[in-house]
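Undergrad: Mind looking over this structure? Questions follow.
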């Protein structure tokens, strides 16, 4: 049941003195976009009459077919708590439509809605709980980000060593005021690294929340004179930032991953879901780990998952099944990072899990040993493959994965692969500091 009507939104804007409304949407590479309107244009926007030029957005459309229409999701209305009390700013998350009234196939939100519809046909809905890590960096005198962390704290440390505590507290308060249910907020393993966990929700709500979360974290950090970065590996030699994704399927109001008679407490559906993820993850890594930099995080030795295996306890495996059982039974995929587009990530992961269910796939045996300590020969003997080593490999695996194409649709798939291939080529042809340090004086 909808929380707000059109009239509710108009009244809330008037009663709260809102003067500006951001109509937000996301491009295929996960960048948040918005069209800002004044309160005078609100009714027009709520009547789905707000147009924008889609040819200016990465991966959307060509200039000759550029007209796009924004349709606000009324229940996403929220007032930004950190903006001025005079002339407040609110936002509405929008779906992108074509002028003929059909959903735009290049809208990441639409991609996830299609995946949800496929799950619904089988009687399932997916709940998701993300764990978003980020760094807080100092800025220079011009306000530009540095890689100087403002503390030397470690996992679960607190003030005075955790100098990000005040910023993290204000982020938490702002998120709660915007309707988030915050479950935990703490310093992470690396210096300057933080994590704020919020309650799980259905896949679409969670993807919306991840985009909102990143906006709030960056905005509040800026007010503290800091820069919040969701770059996966900004500093060599310390842990990078991940976005572990916890997933469960529900059917008829019950967790479909539960079987109390199984030795692990897992149902046949849970094992099939795990098998589908393991089968397809290499072909979807360019989505879950979309940057050149993403693969600097995915190396052994920094708690990041590299090897394709699953376990109930073993954190060196790509997929872990946390200890909670009953309604809390879930599967945790540990490779995604927070630079990814959450709509595309969840669409791909859901379709991969459904692929396992539809085709009755079975996962390999659980791996309980420390995979990082295994030799290459031992991993080979145990049938343990690894994720792509870089974005180039990930893009090539994606080109071979039919399910990734199905999950994203032709439009997003084609533009995404082309964009990531170009990104790798741009990186490949640049001269980097490492080359200068090692070669300039030597040769």
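Easy rule for this one: first residue shown is 1, then count along the chain.
Cβ atoms are placed via backbone N, Cα and C, with glycine included.
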Undergrad: Can you pick which of 186, 187, 244, 411 Swiss-Prot lists for the same Mg(2+) 1 site as 131, 332?
TA: 244
Undergrad: Return the residues near residue 248 (ATP binding site), defined as same-chain residues 6+ apart in sequence whose C-beta is under 8 angstroms from its C-beta, sorted by sequence, else 'none'.
TA: 126, 127, 255, 256, 257, 329, 330, 331
Undergrad: What three-state class does DSSP give residue 195 (Mg(2+) 2 binding site)?
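TA: Its secondary structure by DSSP: strand.
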Undergrad: Near residue 320 (ATP binding site), which binding-site residues out of 297, 303, 332, 334 have their CA within 10 Å?
TA: 332, 334
Undergrad: Over all shown protein chains, what is the count of other CB atoms within 10 A of the CB belonging to residue 131 (Mg(2+) 1 binding site)?
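TA: So the Cβ neighbour count for residue 131 (Mg(2+) 1 binding site) comes to 20.
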